[in-house]
Amino acid sequence: MEITNVSEYEAVAKDKLPKMVYDYYASGAEDQWTLKENRNAFSRILFRPRILIDVTKIDMTTTVLGYKISMPIMIAPTAMQKMAHLDGEYATARAASAAGTIMTLSSWATSSVEEVASTGPGIRFFQLYVYKDRNVVAQLVRRAERAGFKAIALTVDTPRLGRRESDIKNRFTLPPHLTLKNFEGLDLGKMDKSNDSGLASYVAGQIDRSLSWKDVKWLQTITSMPILVKGVMTAEDTRLAVQAGAAGIIVSNHGARQLDYVPATISCLEEVVKAAQGRVPVFLDGGVRRGTDVFKALALGASGIFIGRPVVFSLAAEGEAGVRKVLQMLREEFELTMALSGCLSLKDITRNHILTEGDVHRTASRL
């Protein structure tokens, strides 16, 4: 089958992967309302394209934390990629590097920071879960820094793991031939079998529920890497993140895997951007499947977006070639959206290029 868009990889992955693995990647929390809403909310934003603009040359390049990348489309951290494909995070790292963009490596990767660094040059961020044992955290952050990682994406929405019912039904655990590679030497690399989700039990045992804003400050004392706070959804928390010295914010609802019935990230984006007041860049993940989605996020003030599930699904389907193709398809769709909207560079993409539901209601009430 000829794959013509990013979403088509999911069905291929579902056919190829063991049920436990596919369900782990695909599912959201509880009723999975937010999982659907992450996509649906994009479909309610419409374009106001401008015409008769010379769009011969389109420039999609941008800088993130001072690093120049080819497009505002980056790779979000997704755990345990070797469950999808033998090459796992190696393939993803090479694909991101070839596309000239940033890969974020999960704390719970099945390849270590050192192994990913060994795939060759590339700009890489490291996603961090804070363990109860702070020595473990400090050690891991130092290793990431030594391995050439450029920033920490601190996940702040997971003091406990969301209720993912398919993982409970499947008694999800890491396949026996794999380990959480970054923790292997610390005897934290294995996940015990459990009566429900092995990952939920692991999180309950290891992850620090007391994580608070003071820990964002503490992290700055142990590393010179900038810290992106990942999992912000409100103006209040945006202001606190800026106060705490965050270098940037990732608007994220953890791929709808934590608290169900939170809004789609695209619906929270404008509130966060306004609260940040341009002091730090704001990024978004969750539900991006089209170049049009990327444009909508940038029009609402995002400096870039991260994709998660499309990476693991394309990895399962075609390995590194799949991830490369996903990045290429999104790039081409985004470029086309820019051209058809009359935008030559990212700074040309403005709020006036889109129409949200709120705009429609406001116009109607004025009339």
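Using the three backbone atoms N, Cα and C, a Cβ is placed for every residue, glycine included.
Automated prediction, rather than curation, is the source of TrEMBL annotations.
Per TrEMBL, the feature domain 'FMN hydroxy acid dehydrogenase' maps to 1-359. The glyoxylate binding site annotation in TrEMBL covers Tyr24, Tyr129, Arg164, His254, Arg257. The feature FMN binding site is assigned by TrEMBL to 77-79, Ser106, Gln127, Thr155, Lys230, Ser252, 285-289, 308-309. As annotated by TrEMBL, active site, proton acceptor applies to His254.
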Residue with minimal Cβ packing [other Cβ atoms within 10 Å] among the binding-site residues Tyr24, Tyr129: Tyr129
Please report the distance from the Cα of Arg289 (FMN binding site) to the Cα of Arg164 (glyoxylate binding site), rounded to the nearest angstrom. 22
Set of same-chain residues at least 6 away whose C-beta sits under 8 angstroms from Arg257 (glyoxylate binding site): Ser27, Gly28, Ala29, Leu35, Gly162, Arg164
Taking all protein chains shown into account, the Cβ-based neighbour count within 10 Å for Arg289 (FMN binding site) is 23
Quick one: average pLDDT across the domain 'FMN hydroxy acid dehydrogenase' (1-359), no decimals. 96
Can you count the other CB atoms that lie within 10 A of the CB of Ala79 (FMN binding site)? 20
Using C-alpha atoms only, work out the spacing between Lys230 (FMN binding site) and His254 (glyoxylate binding site) and round it to an integer in Å. 9
Over all pairs within Tyr24, Tyr129, Arg164, His254, Arg257, the annotated glyoxylate binders, what is the largest Cα to Cα distance, rounded to whole Å? 19
